[in-house]
Ligand SMILES: Nc1ncnc2c1ncn2[C@@H]1O[C@H](COP(=O)(O)OP(=O)(O)O)[C@@H](O)[C@H]1O
Ligand SMILES: N[C@@H](CCC(=O)OP(=O)(O)O)C(=O)O
């Protein structure tokens, strides 16, 4: 018999990718957005502390401008992020307000977390927000950060940003919602016989190889950046759950210990 997973998870970081929030045709996935806001509010009402790391600024911006392909130029991506980020927050504000949940926008860059003073200040703000029962919604400050948008250095992507945030706020668990059921031994979009890993205790060469390559049209990182995030979580004795975000209510099942998605834990 497979024993149930157990999480105390009083403080949780949840990361949602663009592919969860925006359909392939560029339209908003309202069902996912609504479920996400409802579910996260439920967690706060239970007494948990929740930080949401949300991508989607560029995806929402593309929808607003009517673009179907992500532009190559960094300035265009940054402009789209600026358009989309305010749109994204307006959507979150509207839905969370419906459930009586307060939110806050937190835009971070790599250097903010790298310098001790700004890191500490960020932590102080986050701690205060959590203490007040607010859900901080974190994204990269895309307008000033280029390390993410050119896709050359992968640090800045939100998969790793979410691991940095989990580390900053000392969260036991990072729930990463993506467009796929979890981590497979090979890319299931290419291989129909790919097998889902239920648990990964360490990330070795074989695992890294299985996760190689880019992801979807709107998303950026693919599995490689999720594995790096998982690597960091494992190194710090935290846990990461990778699961499908098409029904964000899955978070409740995950926290109840249901064997869904892939658990990265020692
Ligand atoms: N071994 C693997 N297991 C699962 N997905 C994989 C694997 N290798 C590559 N992928 C790809 O990674 C994608 C998820 O990454 P991405 O598109 O960046 O998502 P998100 O927008 O949620 O960050 C999957 O849809 C799949 O195409
Ligand atoms: N900061 C960018 C997203 C970058 C990113 O990591 O995207 P994704 O691979 O969808 O999580 C945005 O909000 O569009």
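Placed from the backbone N, Cα and C atoms, the Cβ positions cover glycine too.
Feature annotations, courtesy of TrEMBL:
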BINDING   15, 178, 179, 220, 221, 222, 223, 224, 225, 226  ATP binding site
BINDING   55, 142, 158  substrate binding site
DOMAIN    11-237  domain 'Aspartate/glutamate/uridylate kinase'
Model confidence over the domain 'Aspartate/glutamate/uridylate kinase' (11-237) (mean pLDDT, whole number): 90
Contacting binding-site residues, sequence order - 15, 142, 179, 223 vs ligand 1, Cβ under 6 Å: 179, 223
In sequence order, the binding-site residues (15, 179, 223, 225) whose C-alpha falls within 10 A of residue 55 (substrate binding site): 15
Cβ under 6 Å from ligand 2: qualifying binding-site residues of 158, 179, 223, 225: 158
Candidates 15, 179, 223, 225, namely the binding-site residues, that fall within 10 Å of residue 158 (substrate binding site) by Cα distance: 15, 225
Count of other CB atoms lying within 10 Å of the CB belonging to residue 142 (substrate binding site): 25
Inter-residue Cα distance where the pair is residue 15 (ATP binding site) and residue 142 (substrate binding site), in Å: 17
Those residues of the chain, 6+ apart, with a Cβ under 8 Å from that of residue 15 (ATP binding site): 52, 53, 54, 55, 158, 159, 162, 174, 175, 176, 177
DSSP three-state assignment for residue 142 (substrate binding site): coil
Local backbone state of residue 179 (ATP binding site), from DSSP in three classes: coil
Residue 55 (substrate binding site) in three-state DSSP notation: coil
Annotated substrate contacts 55, 142, 158, maximal Cα-Cα distance (Å, integer): 11
